[in-house]
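Have a look at the structure below before the remarks.
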Amino acid sequence: MRIAVIQFPGTNCEHETLVAVRECGMDGEIFRWNRPEQELCEFDGYVIPGGFSYQDRVRAGVIASKEPVMATLREEAANGKPIIGICNGFQILVESGILPFGDGVRLALAQNVMIRGGEIVRRGYYCAWTMLRHDAEEKRCSGSYILRRGEILSIPIAHAEGNLVASDRKVIERLIEDDQIVFRYCSPQGEIINEFPVNVNGSTENIAGISNPEGNVLGMMPHPERAFFAWQLPRKHPRIPGYGPGRKIFDSMKRYIEERRS
């Protein structure tokens, strides 16, 4: 089971993402953006990791979205192969039009705007541990394949532009109706509170992650590779054995591929 971890200039999370892929028993490989894109077809799945591709120039993800490798990823997505875009990877998937519907750019991941009590308390880059509620049906999405609806995960964010917005409210309504909202920022009890610090970036409907209509492509702003091992979790004595909740994202991809093959 071969997984390509796509590396663009400025990507900075490829190595820890590769560790997560391999720890789950998949054969991971860093795939540079300037390799012959036809070689991508040899892989069973793909992860576009976080970082700041092309230094986020113009806007986050837009330059990487124009690279030839993304046209090939679009074709592989149409063939049903799983893709997970994390943070900048999510931004690239949105800018390329693969998410949300595969028919062009319908969303934007705008600058973070933190609102509390009706007032803007902060803008821009924010790094913190967040709580996510899994809002999709079980097996609806390749990147959350093993999660139950309503399951709560603690996974960190680190971004300046994760505020998911749409100029047309019908786009958001379609995401809701088609069960494409995979993760939403929530309280520790699972409540959806549209206010900072629960909604960490001002995202519409507290959206933290979405899928395409077919469910094989997931884009999410939080970083599961940073919550993969238990020692990464925020505790007084962090070096404990075992795994954190982020592992479930990568295990989901593996299970999705296995069941798709059978």
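Each residue, glycine too, has its Cβ placed from N, Cα and C.
Under the heading active site, nucleophile, Swiss-Prot lists Cys87. Feature annotation from Swiss-Prot assigns active site to His223, Glu225. Per Swiss-Prot, the feature domain 'Glutamine amidotransferase type-1' maps to 2-238; the stated evidence is sequence analysis.
For the domain 'Glutamine amidotransferase type-1' (2-238), the mean pLDDT of the prediction comes to 97. In three-state terms derived from DSSP, Glu225 (active site) belongs to a helical segment. For the active-site residues given as Cys87, His223, Glu225, the lowest number of other CB atoms within 10 Å of the residue's CB is seen at His223. The two recorded residues, Glu225 (active site) and the residue listed as 'active site, nucleophile', show a Cα separation of 11 Å.
Residue pair His223 (active site) / Cys87 (active site, nucleophile) shows a Cα separation of 7 Å.
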